[in-house]
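Data block below; observations after.
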Amino acid sequence: MGSKSPEGHRQTPDASNSSELKPANPNPKPARNGSQSADLDGGNLDDDNDDDGEANEEAGVKTSADSTDKKKKRKRSKKKTKKGTLPLKQSSPPRVLVSSLFPSGYPIGECVPYQDDNTSRTTDEELRYNSRLWDKDFLDEYRQAAEIHRQVRQYAQNELIKPGASLTTIAEGIEDGVRALSGHQGLEPGDGFKAGMGFPTGLCLNNVAAHWTPNPGAKDVFLDKSDVLKVDFGVHVNGRIVDSAFTVAFDHTYDNLLTAVKEATNTGIMHAGIDARVSEIGAAIQEVMESYEVEIAGKTHPVKAIRNITGHDILRYNIHGGKQVPFIKNDRPDKMEEGEVFAIETFGSTGRGVLHDDVGLCLSNVFSKANAPQVGVYGYGRNTDVSGANLRLSSAKNLLKTIDANFGSLVFCRRYLERLGVEKYHLGMRHLIDNGIVEYYEPLVDVKGSYTAQFEHTILLHNGGKEVISRGDDY
């Protein structure tokens with residue numbers, strides 16, 4: 001989920017959370033990418049060892065009768081084991097808990113060494129100290145969230161995202177999958193804090209680059225074979241948010257646009273690391289992305305890196321932390337630090353490369369005195385720095401209680417409120433926004449007729465390398 005630049009509509013980082021981000025094992029195991037290819041990793045090792053043991057035992061058998069008896073016993077034992085074994089394959093639609101698919105631990109993301117790593121920068125004593133800080137729960141939660149993201153997006157790519165599909169159906173299919181695989185439906189107060197959606201599913205078409213989701217009261221939109229669709233959704237487990245996005249185009253006309261943005265994102269990942277300057281990362285990303293061009297209807301369009309939306313760090317329960325990672329040349333002094341989590345994302349456009357809030361999509365009368373439904377607003381986020389103690393409007397007080405009990409600082413949308421059974425909340429929401437208690441996100445668009453693309457991954461900055469936690473076989 002892109003962070004709007006300049007500063008605006010960002011969740012205020014909770015400084016107390018940042019200390020919880022601990023560096024991981026400096027020597028991680030090799031990466032296991034993808035979802036289906038990794039599904040069987042958690043359950044097959046014991047069966048193989050049993051077969052080997054049985055083969056050795058069989059080699060010492062002296063009579064055929066004994067051999068027959070032992071084979072029968074082995075067969076009965078094997079059947080009993082199979083009967084009690086949990087499913088080792090995901091269903092379609094995805095409904096099998098990932099915790100049951102990976103009882104021995106979740107797949108590690110793609111592990112990438114830092115560029116030009118100075119091994120003398122960290123002493124042996126520091127390495128021993130850092131290894132003691134390794135937070136296994138932190139890693140397990142992040143890897144579980146990443147596996148949920150991989151499996152749900154694979155289902156979306158294979159079954160949901162097709163010409164003629166309703167964007168509401170796609171969004172709800174993704175979100176139902178995330179909730180089912182995490183084991184938390186989020187319908188009871190506090191349940192949404194345990195696991196579930198990190199933010200609403202973004203489904204942005206063509207010149208709409210970011211922050212659009214289908215909402216109640218709006219006319220449903222159907223996917224056309226000529227569309228370029230950005231799919232951006234987050235999964236969290238215990239507040240550890242995995243933020244990852246991809247773009248789908250059915251027409252090969254846009255292949256270069258998608259390739260440019262995907263390569264730009266991978267360039268950002270390659271340059272990211274401990275002590276890396278965001279200014280240098282942005283310059284490298286822009287150079288790669290703007291080396292591409294796209295021919296549309298006989299006219300050549302250079303791919304432009306979008307200037308006023310950025311990547312960002314991620315804090316616990318806060319999708320946008322205090323650091324931004326632009327994907328253009330810049331003079332920001334910020335550096336990445338060990339133990340931090342970043343969403344490395346890039347957006348490319350065939351248009352101007354500058355986004356603006358679309359009042360047409362958001363409705364110009366959203367905040368009029370008529371208090372019309374906010375049909376086009378993407379989502380809302382609780383500003384945890386502002387108290388609601390002085391609220392006088394009862395509808396605003398009740399709505400704030402619902403927000404605090406179910407979402408906290410996680411971004412939510414109107415669909416999520418209505419899923420909880422909340423009604424007649426528009427006046428209360430308006431009051432919360434006017435008092436700075438809730439912030440809102442509008443759709444961000446480039447010029448009409450242009451096309452935009454997005455790719456994004458979440459990375460963890462370990463001591464000995466970065467883990468691209470959301471990497472899969474697809475991107």
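If you go along the chain as it appears here, the first residue is 1 and each next one adds 1.
Using N, Cα and C of the backbone, Cβ positions are placed for all residues, glycine too.
When Glu442, Glu456 are compared with the divalent metal cation 1 site residues Asp232, Asp243 in Swiss-Prot, the one appearing in that site is Glu456. Just one of His211, His312, His426 is listed by Swiss-Prot for the same divalent metal cation 2 site as Asp243, Glu345, Glu456, and that one is His312. In sequence order, His312 are the binding-site residues from Asp232, His312, Glu456 with a C-alpha within 10 Å of the C-alpha of His320 (substrate binding site). Distance noted between the C-alpha atoms of Asp232 (divalent metal cation 1 binding site) and His211 (substrate binding site) is 9 Å. Neighbours of Glu456 (divalent metal cation 1 binding site) among the binding-site residues His211, His312, Glu345, defined as a Cα within 10 Å of its Cα, are Glu345. Among the binding-site residues Asp243, Glu456, the residue whose Cβ has the fewest other Cβ atoms within 10 Å is Glu456. Classification of Asp243 (divalent metal cation 1 binding site) by DSSP places it within a strand.
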